[in-house]
Amino acid sequence: LCVLCLLPQSPALPLPREAGGHSESQWKQAQEYLKRFYPSDAKSRDADSFGAQLKEMQKFFRLPVTGMLDSRVIVVMQQPRCGLPDTGEDLPSRNRPKWISKVVTYRIISYTRDLPRVTVDHLVAKALNMWSKEIPLSFRRVVLGIPDIVIGFARGAHGDFYPFDGPGGTLAHAYEPGPGLGGDAHFDEDERWADGRGLGINFLAVATHELGHSLGLRHSSDPDSVMYPTYGARDSENFKLSPGDIREIQELYGKRSKSRKK
């Protein structure tokens, strides 16, 4: 399992002249957040680049676009979220990565201690079914061999140059479709995972999001979308794709015929 995008190393940005009453730690957190989730050309990293990246983030999260660090921005930056960037090359659906085979295999290679294995198996299958019932694509679980999608839990550094950061922060990350590591999804075992009925991170919600990436979807700025990058508590019983999610996945794969919907 590896990260979808490896960001280039770069020197820290100089702090903007107007600190706005925010602490140095908040400014550093903002710099790291923007570098990770709104990456820009390493050659242009300066105070002006900070403002441009901040405006991009504010626009994505539908905040007032000021280019200034404020309390609303800080609140968003402190929310648990997916580890993938919110930006990327805007390609037409015909040129975006997707699975060609109509049957995609997956394998769960490691589990969390927070939930019974049978519960994890069930929730992964449920998350995949949410997507497959809308498109002409089926998923088959395998227990041996090399699957299309590898799913697992890990802590800290786990061999992909993209370490998890402990409780909170980034919850999971995944690959877009492709050979080798393409499609892989993994989850931070330092989180407290739940099935939606108790305290903790709703695994179904996060798995549905990450497996959306495994199918080729990007982050959405619609708060109702399962592809929204930050995590919010959701009811597992009523959890479902938004109309925008369905539209996006069908643009990639087409519609599943009504007779084949599960």
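Just so you know, glycine gets a Cβ as well, placed from its N, Cα and C.
Annotation source Swiss-Prot lists signal peptide at 1-12.
The feature motif 'Cysteine switch' is assigned by Swiss-Prot to 80-87. DSSP states for the motif 'Cysteine switch' (80-87), grouped as helix (H, G, I), strand (E, B) and coil, give 0 helix, 2 strand, 6 coil.
Annotation comment: Swiss-Prot describes Cys82, His209, His213, His219 as Zn(2+) 2 binding site, evidence class similarity to another entry. For His209 (Zn(2+) 2 binding site), the count of additional Cβ atoms within 10 Å of its Cβ stands at 27 [all protein chains shown]. According to DSSP, His209 (Zn(2+) 2 binding site) is assigned to a helical segment.
Annotated Ca(2+) 1 binding site per Swiss-Prot: Asp148, Gly180, Gly182, Asp184, in sequence order. The Cβ of Gly182 (Ca(2+) 1 binding site) has 19 neighbouring Cβ atoms from other residues within 10 Å, across all protein chains displayed.
Counting every protein chain shown, the Cβ of His186 (Zn(2+) 1 binding site) has 25 other Cβ atoms within 10 Å. Summarising the annotation, Swiss-Prot assigns Zn(2+) 1 binding site to His158, Asp160, His173, His186 and lists similarity to another entry as the type of evidence.
Taken from Swiss-Prot, the feature Ca(2+) 2 binding site applies to Asp165, Gly166, Gly168, Thr170, Asp188, Glu191. In the three-state DSSP classification, Gly168 (Ca(2+) 2 binding site) falls within coil. Here Gly168 (Ca(2+) 2 binding site) comes close to Pro80, Glu191: these same-chain residues lie at least six apart in sequence, with C-beta atoms under 8 angstroms from its C-beta.
Residues or ranges marked as active site in Swiss-Prot: Glu210. Neighbours of Glu210 (active site), defined as other CB atoms within 10 A of its CB across all chains, total 27.
Long-range contacts of the motif 'Cysteine switch' (80-87) within the same chain: residues 3-5, 36-39, 56-57, 60, 162, 168-174, 191, 201, 206, 209-210, 213, 219, 221, 229-231, each at least 6 residues beyond the stretch ends and with a Cβ under 8 Å from a Cβ of the stretch. If you compare Cα positions, His158 (Zn(2+) 1 binding site) sits closest to Asp188 out of the binding-site residues Asp148, Gly166, Gly182, Asp188. In this structure, Gly180 is the one among the binding-site residues Gly166, Gly180 with the smallest number of other Cβ atoms inside 10 Å of its Cβ. Annotated Ca(2+) 1 site Asp148, Gly180, Gly182, Asp184; additional same-chain residues within 8 Å of its Cβ mean position, judged by their own Cβ, are Ile149, Val150, Tyr175, Pro177, Gly178, Pro179, Leu181, Gly183.
Between the alpha carbons (Cα) of Gly182 (Ca(2+) 1 binding site) and His213 (Zn(2+) 2 binding site) lies a span of roughly 10 Å. Nearest by CA distance to His173 (Zn(2+) 1 binding site), out of the binding-site residues Cys82, Gly166, Asp184, Asp188, His213, is Cys82.
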